[in-house]
Ligand code: ACO
């Protein structure tokens, strides 16, 4: 409370970031060789020209999303200078959970060696991290939580059809995490989330488990051109909307960190926002598309390399299956 008795504003702010990539780094050449063994043709040139991807990391069969989430979370906690016991909320964004239930967030809580705090998963595919961050921000602002761990963790290699060259070259595995804390100073300034389920079919993994069997297809399917067209339009629109909510303009953005799916979508978005391309954080070249993990992985890379500094205005953007999209504008 302020001296006048009015409630002082309460914000959420990123206290620390972390990330983790599994050890197996697979270059385009490596992948082309592996696919050639099954008679599938692709090349480094095709993948780089159409997507900007040069390599991705794949988890080993024993590594589940929570195993990638754990070291990413530990790094974020260390950077934030807080102990796991201080967390009162864990949210994991994933479309490749360890199991049907318990949630990956509960399994992560166990691996962190703590208990009692709220823990749940958010499923919004490649928009998952922005969705999870927005939920955590709202819970902190409302007073429902004080310190939150927000993670994006994926093992997309498990749902790739390695006989479909139009999708299997695009994705990778990894995890990124942030610790959010309540603050009197504004951190997250504005967020906005959207979904349009008229487009469920353009990007989906339409299988489930029933009666001990996989029913439907357990593999990712995508109409790449339809996704491409939708993505560029919604990413510009939602960015402009959160800028307006926060009373900022595109000229104020220090760093743009969009979902790392395809360099052409990312550069197209930056150009529409009239941004210099050197303010665009790019990790898709080294990570591929890691779905919900891509934004926090890119944020952590940008923080640890010294590009994103305290006080910088950062635009995070997600877009993916559902069709879902969203943005978060924050003072780092
Ligand atoms: N290697 C070599 N050739 C290929 C490959 C490959 N891996 N994949 C497709 N081709 C061929 C096709 O068969 C086709 O050949 P044809 O002309 O003889 O029929 C040709 O390349 C062109 O195929 P298109 O599908 O038209 O290629 P396009 O230029 O659209 O690029 C791509 C495909 C990269 C998928 C593009 O559409 C794209 O980036 N879309 C957005 C996808 C995306 O970002 N998805 C993720 C967002 S949401 C999320 O993250 C879940």
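Every residue gets a Cβ built from N, Cα and C, even glycine.
TrEMBL annotations: computationally assigned, not manually curated.
Quick look at what TrEMBL lists:
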- 126: active site (ACT_SITE)
- 259: active site (ACT_SITE)
- 289: active site (ACT_SITE)
- 120-196: domain 'Beta-ketoacyl-[acyl-carrier-protein] synthase III N-terminal' (DOMAIN)
- 243-332: domain 'Beta-ketoacyl-[acyl-carrier-protein] synthase III C-terminal' (DOMAIN)
- 260-264: region 'ACP-binding' (REGION)
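Structure coloured by features recorded in TrEMBL.
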residue	record	DSSP (3 states)
126	active site	helix
259	active site	coil
289	active site	strand
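Same-chain residues lying 6 or more positions outside the region 'ACP-binding' (260-264) and placing a CB less than 8 Å from one of its CB atoms are 50-53, 126, 170, 228, 231, 282-285, 287-290, 294-295, 297-298, 319-320.
The helix, strand and coil residue counts that DSSP assigns across the domain 'Beta-ketoacyl-[acyl-carrier-protein] synthase III N-terminal' (120-196) are 26 helix, 32 strand, 19 coil. The Cβ of residue 126 (active site) has 32 neighbouring Cβ atoms from other residues within 10 Å, across all protein chains displayed. Take the CB of residue 259 (active site) and look out to 10 A: across all protein chains shown you find 31 other CB atoms.
Mean model confidence of the domain 'Beta-ketoacyl-[acyl-carrier-protein] synthase III N-terminal' (120-196) amounts to 98 (pLDDT, 0 to 100 scale).
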